[in-house]
Amino acid sequence: MRTKAAGCAERRPLQPRTEAAAAPAGRAMPSEYTYVKLRSDCSRPSLQWYTRAQSKMRRPSLLLKDILKCTLLVFGVWILYILKLNYTTEECDMKKMHYVDPDHVKRAQKYAQQVLQKECRPKFAKTSMALLFEHRYSVDLLPFVQKAPKDSEAESKYDPPFGFRKFSSKVQTLLELLPEHDLPEHLKAKTCRRCVVIGSGGILHGLELGHTLNQFDVVIRLNSAPVEGYSEHVGNKTTIRMTYPEGAPLSDLEYYSNDLFVAVLFKSVDFNWLQAMVKKETLPFWVRLFFWKQVAEKIPLQPKHFRILNPVIIKETAFDILQYSEPQSRFWGRDKNVPTIGVIAVVLATHLCDEVSLAGFGYDLNQPRTPLHYFDSQCMAAMNFQTMHNVTTETKFLLKLVKEGVVKDLSGGIDREF
């Protein structure tokens with residue numbers, strides 16, 4: 001026996017009628033085409049079906065609310081992270097902090113001049129690094145990414161900044177825009193090159209080493225460390241400005257027409273930013289949202305002056321020399337396995353130059369009230385709030401280089417030799 005609902009589930013077969021009943025007034029005569037019981041004629045659905053439908057309709061609404069909550073949570077954590085990166089406990093009084101003993105200034109200047117007056121030793125830095133770290137240092141490593149590079153297992157194994165896994169097409173696109181990928185010819189022609197890597201340390205202020213620093217063949221400056229207004233202490237010659245997007249100087253005054261801009265690429269949008277800088281294009285607003293601070297809108301240099309740092313140098317610095325653990329997948333942040341730009345630049349210098357000197361390096365965390373940088377009022381205590389770099393391990397590494405005579409410390413922030 002069929003129920004009424006079941007009867008409504010199918011149409012009755014059409015059967016022609018031989019005799020038509022008289023139609024009431026005002027109604028159409030039924031025909032073989034109207035003698036069908038449609039679904040719309042059936043009774044309303046049962047209460048059980050209606051309840052299920054209401055439940056299904058509520059599910060998407062609940063899902064949207066959950067997604068919104070997660071989005072707001074992530075955004076809130078991101079804001080707190082940005083605030084933490086830019087937070088410092090206090091500012092130092094620069095007038096009081098920058099007094100330097102005149103005798104100390106004279107000794108520092110004399111020592112720096114002695115370093116320059118000695119005969120340059122070809123391949124000294126590479127040879128010394130190879131002896132000190134053996135198989136952990138490669139003497140054949142190229143400093144910059146080449147247009148037709150040798151196959152590198154390390155480069156394809158790691159994500160930025162240690163390699164270019166999944167970014168090979170972006171790298172090739174950038175290299176097509178860059179006509180040169182090595183040191184300029186006038187520097188390559190030198191039989192023996194002296195490098196100085198100038199850090200941002202407050203110890204530089206007052207030493208008046210600017211004139212001496214300008215005499216090095218290759219002067220490497222880091223991030224946005226300024227020259228304008230500080231040339232007496234840090235010089236005004238720049239051969240290489242090495243930085244990542246957020247660290248690049250915002251002022252055109254910090255760029256000279258013959259500088260090399262060496263880009264260190266950490267994340268996907270860094271590739272977009274560098275391409276925009278080379279092509280003199282405006283970076284889209286949505287791309288800017290992925291940087292943790294304001295980035296330069298233009299770099300006033302020609303394409304031939306841009307270089308891309310070989311990421312294997314960062315890999316060599318982090319995993320081989322400093323022996324940090326390899327990167328692990330994390331939901332938020334990074335392990336402390338990313339070296340500072342300064343230490344990466346020191347290793348780069350050993351691949352570029354025959355002799356290497358340092359100035360403006362050294363974090364004395366036992367003196368929290370001393371100036372962190374030569375150009376601002378941040379105190380050394382601010383280093384206690386950074387979470388990306390292992391300052392203790394890096395300090396031991398630099399001290400080892402100075403003690404073994406691989407590099408010279410001109411400002412005495414790592415180990416004073418004067």
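Glycine residues also receive a Cβ, built from the backbone N, Cα and C atoms like all the rest.
From a predicted model like this one, the values you see are computed outputs, not experimental measurements.
If you look up Swiss-Prot, you'll see 1-61 marked as topological domain 'Cytoplasmic', on the strength of sequence analysis.
The annotation region 'Disordered' is assigned in Swiss-Prot to 1-25.
Among the features that Swiss-Prot reports, transmembrane segment is placed at 62-82.
Annotation source Swiss-Prot lists topological domain 'Lumenal' at 83-418.
Per Swiss-Prot, the feature N-linked glycosylation site maps to Asn86 (among others); the stated evidence is sequence analysis.
Annotation comment: Swiss-Prot describes Cys195-Cys353 as disulfide bond, evidence class similarity to another entry. The Cβ of Cys195 (disulfide bond) has 26 other Cβ atoms within 10 Å, all protein chains considered. According to DSSP, Cys195 (disulfide bond) sits within a strand segment.
Residues annotated as N-linked glycosylation site in Swiss-Prot, with sequence analysis given as evidence: Asn236 (among others). Counting every protein chain shown, 15 other Cβ atoms lie within 10 Å of the Cβ of Asn236 (N-linked glycosylation site).
Swiss-Prot lists Asn390 (among others) with the feature N-linked glycosylation site, giving sequence analysis as the kind of evidence.
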In whole Å, how far is Cys353 (disulfide bond) from Asn236 (N-linked glycosylation site) when you measure between their Cα atoms?
20
Rounded to a whole number, how many Å is the Cα of Asn390 (N-linked glycosylation site) away from the Cα of Cys195 (disulfide bond)?
25
Any idea what the model's mean pLDDT is for the topological domain 'Lumenal' (83-418)?
90
Nonlocal neighbours by CB distance (under 8 Å) for Cys353 (disulfide bond), same chain, sequence gap 6 or more
Ala125, Arg193, Arg194, Cys195, Asp217, Val218
